[in-house]
Amino acid sequence: SVGFKAGVKDYKLTYYTPDYKTKDTDILAAFRVTPQPGVPPEEAGAAVAAESSTGTWTTVWTDGLTSLDRYKGRCYHIEPVAGEESQFIAYVAYPLDLFEEGSVTNMFTSIVGNVFGFKALRALRLEDLRIPNAYVKTFQGPPHGIQVERDKLNKYGRPLLGCTIKPKLGLSAKNYGRAVYECLRGGLDFTKDDENVNSQPFMRWRDRFLFCAEALYKAQAETGEIKGHYLNATAGTCEEMIKRAVFARELGVPIVMHDYLTGGFTANTTLSHYCRDNGLLLHIHRAMHAVIDRQKNHGMHFRVLAKALRLSGGDHIHSGTVVGKLEGEREITLGFVDLLRDDFVEKDRSRGIYFTQDWVSLPGVLPVASGGIHVWHMPALTEIFGDDSVLQFGGGTLGHPWGNAPGAVANRVALEACVQARNEGRDLASEGNQIIREASKWSPELAAACEVWKE
């Protein structure tokens, strides 16, 4: 018969290939699929593979002009999710040629661009991605990474301390700079612009940058330590963002910041390249992440957004606090914290890691613990996150009854006490409260903080 066989056909005939052996160059994805009633899981998994690669809803004449076998995504394995009715993990392999080099934007457009609205699925969640070495190598990654940051700041053997300046909206630039100075003077390493501080009528960006730089240099001179303030360069256009980064560089400050999900991956990668070329560290805030990652059965898990950020580039990224959450959360969070920091991470389903990931020497990212934490959490945070992290106490610094500087002192004393105790071989998990209590005996600032935030 001449021509091709027209008409609608089942996806699973072409896109479900259980015998497929995955290649080292394939991008692998693990999707949590919830098919509509009556749709078999193979068909649902194949539909995801098809719609996120070469497929369309019907056979087309132009299929004959290319090699589908070379370019199609393949659903190569399906497993039911324990304890969930009609929910499956579908594993899909994508050939590397489907993706533009060095573009997280294109990677996401391909993998999650279209399929999430698909009729045959009730819900769909991307749980994890395996980025092959060949693709990792097309990205610059973090502007500097953990080791270079430590060298630039001359701070070793402990987590770094930060603080978000509150009230986040409404302060004038001069008062804002004063708050920054107090915190840094008290002993913090960093202070931070809030994610929604960009350039508003009450405080234009240029004024803020100037007063923060002044605060930074004053605190640096008085403490003999290198200080930083994450100047938020996020803006309405890439050009404006780079303009702000350029001004930060001219002021000689060490670090700028970006909201990478609201700003977008294209903007983020642009800024990241600028930061490496100009010696700026880049702090990444994850505003909007919960819109994407909060639903358990639809959207994308944060570990995927974290991996994408490491490719796109950032030196710090917010990654939850673990403290006070559920036990399961702890393992899962530590899973993606390792994915951010380590060079090689083994597959471990108990930690939510679906694939072994080799980062082939791409620099690591420091996880930032931020939100609702205070001095009593310090032992747990030190133990859970280890040295390579940034601990950010917003209210936990500024809420101190005596003011910002004493609040900063309290946090620094608590941290140094925990690090010393750990280095002496004490167990932070069981002796944490006692360690803080002992330290507060010779630090009135810490004692006052302990009083305000009861264990």
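Every residue, even glycine, has its Cβ placed from backbone N, Cα and C.
As annotated by Swiss-Prot, active site, proton acceptor applies to Lys166, His285. According to Swiss-Prot, the feature substrate binding site maps to Asn114, Thr164, Lys168, Arg286, His318, Ser370, an assignment based on sequence analysis. If you look up Swiss-Prot, you'll see Lys192, Asp194, Glu195 marked as Mg(2+) binding site. Marked as N6,N6,N6-trimethyllysine by Swiss-Prot: Lys5. Taken from Swiss-Prot, the feature N6-carboxylysine applies to Lys192. Feature annotation from Swiss-Prot assigns site 'Transition state stabilizer' to Lys325.
Taking CA atoms as the reference points, Lys168 (substrate binding site) and Lys5 (N6,N6,N6-trimethyllysine) are 62 Å apart. Annotated pair Lys192 (Mg(2+) binding site) and the residue listed as 'N6,N6,N6-trimethyllysine', C-alpha to C-alpha distance, rounded: 61 Å.
When the alpha carbons of Asp194 (Mg(2+) binding site) and His318 (substrate binding site) are compared, the span between them is 12 angstrom. Here the CA atom of Lys166 (active site, proton acceptor) lies 39 Å from the CA atom of Asn114 (substrate binding site).
Sequence-ordered, the extra residues of this chain that approach the Mg(2+) site, with Cβ no more than 8 Å from the Cβ center of Lys192, Asp194, Glu195, are Thr164, Ile165, Lys168, Asp193, Asn196, Val197, Tyr230, Asn232, Met257, His285.
Within 10 Å of Arg286 (substrate binding site), as judged by C-alpha distances, the recorded positions found are Glu195; the full candidate list was Lys5, Lys166, Glu195. Looking only at Cα atoms, Glu195 (Mg(2+) binding site) sits nearest to His285 among the recorded positions Lys5, Thr164, Lys166, His285, Ser370.
Here the C-alpha separation of His285 (active site, proton acceptor) and Lys166 (active site, proton acceptor) works out to 16 Å. Maximum intra-site Cα distance, substrate binding residues Asn114, Thr164, Lys168, Arg286, His318, Ser370: 37 Å.
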